[in-house]
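What TrEMBL records for this protein:
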type     : residues           : note
BINDING  : 58, 59, 60, 61, 62 : substrate binding site
BINDING  : 90                 : Mn(2+) binding site
DISULFID : 25-39              : disulfide bond
């Protein structure tokens, strides 16, 4: 177990990135008005026409920083090639997760990402292992062997018996 601390917390930088800067575009400003004001990222609203909201963006920045830091920048993990379980600080595991993890690893095929839980309720059949495309907001708990795929559309799930 190793504890890490996120150095770019909004609490440490409340008036500059990743916090809200006076130069940030307001969330609902129209792009033309944002360009006239010359606010930060005026040319790049999201797909809904909104601009960055620090309090929501921080969660994703924190999540990606943790993964990058743990898997790519720590001496103890950077050259490790075996299976690795990444459990976030606000998740907990039930007593049978290690045997289930071993079964998952044996069935993993060519998958690089596995999750040992979900924030979205119980599966229809708890004796199944689901394979799906990785997406950071799919509610996965306990990441194993990260894959850096993107999630352009809702994922489909293929199930196998454990």
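Cβ atoms are placed via backbone N, Cα and C, with glycine included.
The structure, with features from TrEMBL marked on it.
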residue	record	DSSP class
25	disulfide bond	coil
39	disulfide bond	coil
58	substrate binding site	helix
90	Mn(2+) binding site	coil
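The Cβ of residue 25 (disulfide bond) lies under 8 Å from the Cβ of 34, 37, 39, 40, 41, 42, 45, 51, 52, each on the same chain and at least six residues away in sequence.
Ranking the binding-site residues 60, 61, 62 by other CB atoms within 10 A of the CB puts 60 at the bottom. When each of the binding-site residues 58, 59 is scored by how many other Cβ atoms sit within 10 Å of its Cβ, 59 comes out lowest. Note: the substrate site is recorded as 58, 59, 60, 61, 62; in the same chain, 18, 56, 57, 63, 64, 65 also have Cβ atoms within 8 Å of that site's Cβ centroid.
The two recorded residues residue 58 (substrate binding site) and residue 90 (Mn(2+) binding site) have their Cα atoms spaced 16 Å from each other. Straight-line distance linking the Cα atoms of residue 61 (substrate binding site) and the residue listed as 'Mn(2+) binding site', rounded to a whole number, equals 17 Å. Ranking the recorded positions 39, 90 by C-beta neighbours within 10 Å puts 39 at the top.
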